[in-house]
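As written in Swiss-Prot, here are the features:
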- 1-14: compositional bias 'Low complexity' (COMPBIAS)
- 1-42: region 'Disordered' (REGION)
- 31-42: compositional bias 'Polar residues' (COMPBIAS)
- 55, 56, 57, 58, 59, 60, 61, 62, 63, 76, 173, 174, 175, 209: GTP binding site (BINDING)
- 282-472: domain 'AIG1-type G 2' (DOMAIN)
């Protein structure tokens with residue numbers, strides 16, 4: 001049979017593809033409904049479906065394409081550089097329909113020059129022809145990185161905000177999931193979770209491209225079922241809206257605007273590209289204006305853009321800017337996107353809006369503040385930004401002082417040096433600051449804007465043109481240990497902020513098996529594991545393996561992330577049983593465990609007006625003193641009857657200690673964490 005293959009047609013030529021008679025889908029497969037089957041075969045009267053493989057370098061696009069085709073057509077090998085350097089296609093007959101698989105290089109990599117990206121995008125459009133198309137976003141399990149984010153943003157920017165309606169996510173390296181589930185993996189990555197939320201949980205599947213033939217065919221069947229479902233849910237033509245959106249590849253023109261839902265959240269931003277000189281591959285600088293109400297953020301944005309686009313007016317009673325908005329201009333061959341924002345104190349009410357409009361993160365923050373204003377509450381402002389972007393945001397920030405006109409001819413450097421608050425503010429941000437005079441002439445205004453943009457560009461270059469990415473939600477596992485009756489379950493309920501564990505004063509142990517609960521606090525997921533008293537685990541006297549099983553069960557309730565141990569003791573009642581518990585923990589987990597443990601005293605209310613540290617420093621109980629010394633003095637106390645803000649204050653105090661301990665883990669003790677996991681996995685029991 002004569003066949004032909006297209007491997008990156010020259011510009012203007014018609015793309016050709018090779019047709020092969022191999023039919024994926026023969027034999028038994030998971031059944032699809034008659035409606036699905038009919039939709040797949042007869043959709044819009046077309047006989048051809050194109051599957052466009054998209055993803056970063058090394059994601060496994062070519063291998064996935066080969067799995068779908070049932071034969072090795074696309075070159076696929078492990079390499080530290082890009083193997084696929086041009087678009088190529090191959091066809092196969094599937095369920096009575098011709099399916100064309102299009103393999104692509106990394107179309108959106110910032111490491112590729114704009115000419116190469118432009119050429120590849122053009123070839124991609126040629127291969128799409130006028131048929132229906134489904135996008136397959138390929139991403140490897142366990143390796144979701146900045147390049148994946150770059151790909152998602154590129155798809156949204158080049159193909160259009162409706163792209164997710166035509167998309168299925170294919171996770172490669174299924175074998176790396178081990179015993180974990182795909183959904184647990186997705187839940188651990190905030191941006192990935194947001195992507196799947198918008199695409200739909202039924203529009204993702206897993207591939208192991210190294211599996212045997214039967215398993216690979218089963219994977220393809222599941223993918224085809226997902227495609228059928230997509231075609232039922234989105235009956236409109238697939239290619240036409242994509243082609244309209246992607247026409248931006250040929251140039252932006254004047255006043256091109258789009259808004260709406262995007263891949264990683266609704267209304268990430270609404271780019272408004274102005275001017276005939278806009279090139280779709282033009283480097284972009286995303287600049288986020290931030291500050292308190294009335295400081296002049298919108299006015300600063302208008303000044304930078306050179307036009308009145310953001311609403312500005314003086315108002316003492318209400319916010320003028322109530323929602324995020326963005327506009328752009330071209331400056332020295334770059335598209336500068338200015339994102340105006342409401343006052344920062346409102347961000348904590350809807351952090352998702354911040355992430356949506358700045359995704360994957362701004363290249364620069366402009367902290368706008370009038371030169372003579374009070375800065376007393378700015379620390380509260382910074383804490384909100386840190387929660388979303390992490391401590392690193394300070395390295396991406398420039399302070400923009402306004403109202404230079406109020407200081408006449410005074411030198412800015414002198415004003416800053418003579419004002420402690422201003423001096424401390426500029427030191428916090430590496431002495432990066434600028435000033436605007438809103439009464440300046442047109443020439444002066446253009447000059448101050450040019451200087452600011454040059455300063456921004458210089459700062460961005462110091463970060464290799466990478467943005468300040470939105471930080472992934474962190475996770476902390478807290479394992480509560482201690483004797484029966486010490487208050488572990490009540491403490492767990494306090495941390496979770498709800499009654500998740502049964503807690504009652506009884507003579508016999510209430511908790512007979514480990515259990516867990518989860519909450520999110522200050523952009524951190526916290527998993528709390530309540531445990532029985534291991535020395536009183538039922539059946540251990542006759543069968544020591546029961547204890548091993550319980551410890552394994554305890555650890556299985558933890559999620560991927562740092563594990564912090566909290567020894568729960570009752571204030572004023574340190575017993576011999578408490579001492580035995582600690583001895584047995586050390587015997588089982590090695591003495592190292594005490595270096596990574598926090599001591600939490602319950603019944604804080606019994607202290608009255610006393611101080612916890614006075615209590616621990618002055619205790620005459622030698623065994624307790626020894627334990628506190630081994631824990632390096634990490635102690636806190638809970639009144640588990642507290643509610644509301646007082647309860648939250650206690651929890652935040654514990655998490656502060658735990659995160660400090662976590663930081664020590666990260667910086668110094670990664671090897672010990674692995675050793676601990678190994679020790680726990682092999683525990684046989686040395687309890688007395």
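Heads up, the Cβ atoms here are built off N, Cα and C, so glycines get one too.
Listed in sequence order, 53, 54, 55, 74, 84, 103, 104, 138 are the same-chain residues six or more apart from residue 61 (GTP binding site) with CB atoms under 8 A from its CB.
Local packing around the Cβ, expressed as the count of other Cβ atoms within 10 angstroms, is greatest for 55 among the binding-site residues 55, 63, 173.
According to DSSP, residue 55 (GTP binding site) sits in a coil region rather than a helix or strand. Take the CB of residue 57 (GTP binding site) and look out to 10 A: across all protein chains shown you find 18 other CB atoms. All protein chains included, residue 175 (GTP binding site) registers 13 other Cβ atoms within 10 Å of its own Cβ.
Sequence-distant neighbours of residue 59 (GTP binding site) (same chain, 6+ apart, CB under 8 A from its CB) are 138, 139, 140, 148, 172.
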